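Participant: I'd like to ask some things about the structure below.
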């Protein structure tokens, strides 16, 4: 039951940077003992608001009220000492220090200038035990997993007696088990009466955790949902982007050309039975299946990331021998991989380099000198045409959002002579607005005659974008559905593992 008095209130918050109005008149309330989700597209203002709350930024207008008192923090340390902690996606810890030292950094117990390590480890151990973590406080942080690092960040907040804890995309680098543990801890913190702010693009997380959801759009407050029994995915999407869910996908019937890609009894590691399918020029075929269905494994095999062990791949009726990615690229088949950060981009290189890295071999001068003029023009062209949001082509790609990283990968392949594109989870970790832009790029590629084969575990996405849906189950094709006839019940029925009829 919602309390009558909010513990945290934002009152008319505005924030202006030179030439940019990031927030305008943001007002809403948060209550103790609740998880309050913040949702919106990239650039909607969520992170800016958290930075105001944590003392990184001062508001241009408005105020933050905590437990009835108007607060103003000069920096993050002042906010933390006042009980406000932000757990960012990029964790702010020191790998070479111990767990205990990280938890009490800035307030190490000491006497006469000498740290009392016995007391330090004891106090840190209590915080870790509070979180259900069996970790030696004297362990150097660098030996722990990312999920354990996150628990140390939370312990650090609890050591300051934080009453307000905000999580900014906390699950982006976690395993399924670590996510379950994080959710357990968040629910415990809620029971203790803390205010939990939670920022995520993942709808399933929002619905699993939240007691209330506030939506932002273009730096403005849109709506707060407080009755979680009455809110659904479609209502959230409409609030976030200002259009109906059907408009997000934007599928239209189209005509197709000749067969462009054909798999004839193809097998690869993780693909249990031979796979045969065809994709025509201008056709979008979606691969859907549950975890372990073999979608990603098939994609990797087709691109040469793993070895095809049987069967034949044809492009434009010509057999293609694919033993490594360069063979696939030479044949006109490109891949946007599932793990974008590990396999799709070179994080410490620029947007320009990431776009040009594949095609630059065709444009070198004298066989060995990079053609800077071509590279600048090519990168700028794709940044404009794909609406890649970046300060410039020389910006490190790791500083871009997931959606803009994905568009840069697409720009890379648009620089090649593309016949087939393989898209493996192309919108995972991307906000709704950026998804819409990715879908439009997919449609544009199809209109140019490219054969599109895309794998996704997001069933509404597959049903909304694909002309034809191929359902995989346990490494084999379980069935096909046409766009106009497909629904979630049919697709899930095909995707579910078979139940043995044997009687013990």
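First residue shown is number 1, and so on along the chain.
Yeah, the Cβs are placed from backbone N, Cα and C, and that goes for glycine too.
From Swiss-Prot, here are the annotated features:
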| type | residues | note |
| --- | --- | --- |
| DOMAIN | 8-243 | domain 'ABC transporter 1' |
| BINDING | 40, 41, 42, 43, 44, 45, 46, 47 | ATP binding site |
| DOMAIN | 256-499 | domain 'ABC transporter 2' |
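Could you tell me the structural context for the features on the list?
Facilitator: In this structure, residue 47 (ATP binding site) is part of a helix by DSSP.
Here the domain 'ABC transporter 2' (256-499) returns a mean pLDDT of 89 for the predicted model.
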Participant: Are there residues of the same chain, six or more positions away from residue 43 (ATP binding site), whose CB falls under 8 angstroms from its CB, and which are they?
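Facilitator: The list for residue 43 (ATP binding site) reads 218, 219, 389, given in order along the sequence.
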Participant: Around residue 44 (ATP binding site), how many other C-beta atoms are within 10 angstroms of its C-beta?
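Facilitator: Taking all protein chains shown, residue 44 (ATP binding site) has 24 Cβ neighbours within 10 Å.
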